[in-house]
Amino acid sequence: MADLAFERAHLWHPYSSMRDPGPVHMVRSAEGVWLELADGTRMIDAMSSWWCAAHGHRHPRLVAAVAAQLECLPHVMFGGLTHAPAIALAERLTGLLPDGLDRIFYSDSGSVAVEVALKMAIQAQLGRGHADRTAIATARGGYHGDTWKAMSLCDPQTGMHSHFGAAVQIQHFVPRPPIAFDADWIDDPARNGLGPVEDLFAERGAGIAAFIVEPVVQGAGGMWFSHPQWLAGVRALCDRYGVLLILDEIATGFGRTGALFAMEHAGVTPDILCLGKAMTGGMMSFAATIASRQVAEAIADGPMPALMHGPTFMGNPLACAASCASLDLLAEGAWLRQVPAVEGWLRRGLAPAREFAGVRDVRVLGAIGVIELHRPLDMIRVHAVCRDRGVWLRPFGRLLYCMPPFVVTAGDVARICEVMVEIAGWP
Ligand code: PLP
């Protein structure tokens, strides 16, 4: 049995202190929606391990694809070399994405995919003769990763990286899109959130390379579902002011919101798109940044025609093979039944939480359920209760949320909701 005392002394966990890392469970194995702990306890992974395991853990088709790839080519550098899985994945991605959004750069994590997107935008503006367009704009309440430039796009005052202070280069922020996904749209720009975007572009647009946003669902920055019309309005403003639009679908991509990509709710196509997380079905870390042909052409026209990025594990064949198998599962279409069913179960199961004094809002979209509380939760107590009830949840602050694998049953979702409602009802 692995030594937990050794792990506590030596292993850092995400967003944790080495002195007091808080409780961690030892996981022995995972299959379907289930995590099995070292002592045999089983928990439903209501988090899909942070949005990744959309088809459930260790899906046999994904395991077989990776095993077959291991037999012939686990890894090879992508500089000057290529391989069939990389091409097969590119064929699948271009088949799924809007026409013209088809110049693909593979990388190894979502944060890096965002960094690459920002480089693409700045290099493309340079290629179009706009050397001054180097700033990035975004909406408050977003989350784009933990690398330096990505951090600068999370809220610098109140966001999780605010203590880095002046070390994080501040970008331009507009307020969080104010109108909720299912609320009535208001045409008045002063109230629908588009006014501040237009004001920013009118004042500073000549220095802005791109506007980056998570389409419709802002994830780790607040689990907020915004009105698709806001995104459509931002697209129009970007076009009017020559600002490139980057959509970060790292969390929302591949069916999670009920559409294959969340941008489809708004009928919007970006200039640059970031994908990650569920692309491999949660088998391993992998991501892609996809530029339009025009962006790729503009970069090639620039003083530095090469896109200046090249991670060691770029295009890793195992990750490409897992992604191909994952996209094949999506193409078979079960998610089109599963995600709306999960949405219905979550709506019913979480509704009782609306009655509690400590609950500010309950919202559901696709296979994402959120209970927003007035006060932050006691994480140690949540951790213990999750183990007791057999449901793995990982709230942050006042946000208690789930995004289970699409293959959950009605019974699994009922159990997840029961635990979430129980926690939301704590005095
Ligand atoms: N962008 C979004 C929208 C995310 O949700 C995340 C991770 O949660 C990232 C970027 C960063 O991805 P990674 O953790 O793979 O670096």
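Quick reminder: no glycine exception, Cβ is built from N, Cα and C everywhere.
Summary of the site annotation: TrEMBL records substrate binding at Trp50, Tyr143, Lys277, Gly310. Screening the candidates Arg389, Arg394, Arg398 against this entry identifies Arg394 as the one listed for that site. Just one of Asp45, Asp155, Asp248, Asp361 is listed by TrEMBL for the same pyridoxal 5'-phosphate site as Gly110, Ser111, Pro311, Thr312, and that one is Asp248.
Around Pro311 (pyridoxal 5'-phosphate binding site), a 10 Å sphere centred on its CB holds 17 further CB atoms from the protein chains shown. Within the set of binding-site residues Gly310, Pro311, Thr312, Arg394, no residue has a CB atom less than 6 Å from any atom of ligand 1.
With all protein chains in the displayed structure included, the most crowded Cβ environment within 10 Å among the binding-site residues Trp50, Tyr143 is that of Tyr143. Using Cα positions, the member of the binding-site residues Tyr143, Gly310, Arg394 nearest to Gly110 (pyridoxal 5'-phosphate binding site) is identified as Tyr143.
Rounded to a whole number, the distance between the Cα atoms of Asp248 (pyridoxal 5'-phosphate binding site) and Gly310 (substrate binding site) is 20 Å. Counting Cβ atoms from all protein chains shown, Gly110 (pyridoxal 5'-phosphate binding site) has 30 others lying within 10 Å of its own Cβ.
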